[in-house]
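K.L.:
Here it is, the structure, as structure tokens.
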């Protein structure tokens, strides 16, 4: 993309965000920043380049990664080269990859105008995901939802450049539906279409047209993808929450992207049945209800769509659930939802708080929880505390982002990072031979800059053991929402 096109995109987004950011930035600039949020932002985006699958471009910045998965899709005679490895393994799981793309897009849509020089890198990260999702949905009535036999992949410890396990391809169709993965894919494509609407309108149109087609498929052929693909996607990415949340989420993004009454009517007609007012307050790759409520609240608060007024109350309930006394926090102050990769909920929740605070500010509203009122500033303060904990304001004084700060995890659960690179060790390292690198206590030879790990336990303890995937494994969906939060904080403290 030409520099002039990119510059025009930046100017458009800057103008859009300037009114929102000016007052709050003035408030924060009077205080000393706890962290170098700009540095953390740069590293959080760089992480995605270390997760890439496929043919790497000439401007690829992670030197220890090389091309991989160049025949992906050939098992079914389709092109599925590209996309992201979800975490520390070498499998491409469609559900978390689509969610990652959605959240990266939302980060840019809300805070991209504040990213300045990092905006292009963020958009590149989105496009690497959306390009793959276009390939995965190229055949009408079919969505390719996974590449790689997860059980066989997890029986090996090898670099993606060396992998020789079966690159099996898994799909959903009308006979084996997957409304959850299809709904999330539709959301990702619609969200990405908004990111590229001004900068690459032709690409945006392709994304939006495909999003509508995929959503129609998701809604018409209803079912949970892990029913038909249980042995292949479980226990890795079972759809525990079902598919109702993804249908609501997908419709919310399509309503935002198209402004068509079709999707607004769909939400009015199906919202309650799809769980719009359910009381579930965990937001992540599996359950999207909370995200849909926050997104739809904007249509009411900012766009004045009166028929969606109830979503302000739904969003308020979520915020109230996070207040001290209503949610579980570690002694050091970290929001604690689940023991397995808890930091994913910290990053996603922090993003939702900052985003909702933005909507409240623009509409001059507050949140009332019982007899207590929470202003947008109070909500932002809580979100900032979570981000600061992640970056090092915690009992261990450890940053949970690799490469940020003076003390960070050295033994993350990640195949590519833990095995010497092709440059330093050109010879192939076989499947079982790699386990010697998994089990060593030595630091990883490759620093996966920007990777956020699962984080400490309920007592704020972190052993930094490579075999402990619950605490030491990074993932794309942990980083994606943090990108937006870091952009906001970096701008608010005058760092960008």
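For all residues, glycine too, the Cβ spot is worked out from N, Cα and C.
Relevant sequence annotations retrieved from TrEMBL are reproduced here:
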- 1-25: signal peptide (SIGNAL)
- 37-485: domain 'Glycoside hydrolase family 9' (DOMAIN)
- 413: active site (ACT_SITE)
- 464: active site (ACT_SITE)
- 473: active site (ACT_SITE)
K.L.:
Which number gives the other C-beta atoms within 10 angstroms of the C-beta of residue 464 (active site), all protein chains shown included?
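P.N.:
Step by step: centre on the Cβ of residue 464 (active site), count other Cβ atoms within 10 Å, giving 18.
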K.L.:
Rank the active-site residues 413, 473 by how many other Cβ atoms lie within 10 Å of each Cβ and give me the one with the fewest.
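P.N.:
Result for the active-site residues 413, 473: minimum number of other Cβ atoms within 10 Å at 473.
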K.L.:
From the Cα of residue 413 (active site) across to the Cα of residue 473 (active site), what is the distance in angstrom?
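P.N.:
On Cα coordinates alone, these residues lie 5 Å apart.
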K.L.:
Could you state the whole-number distance in Å separating the C-alpha atoms of residue 464 (active site) and residue 413 (active site)?
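P.N.:
Between the Cα atoms of residue 464 (active site) and residue 413 (active site), the distance comes to 9 Å.
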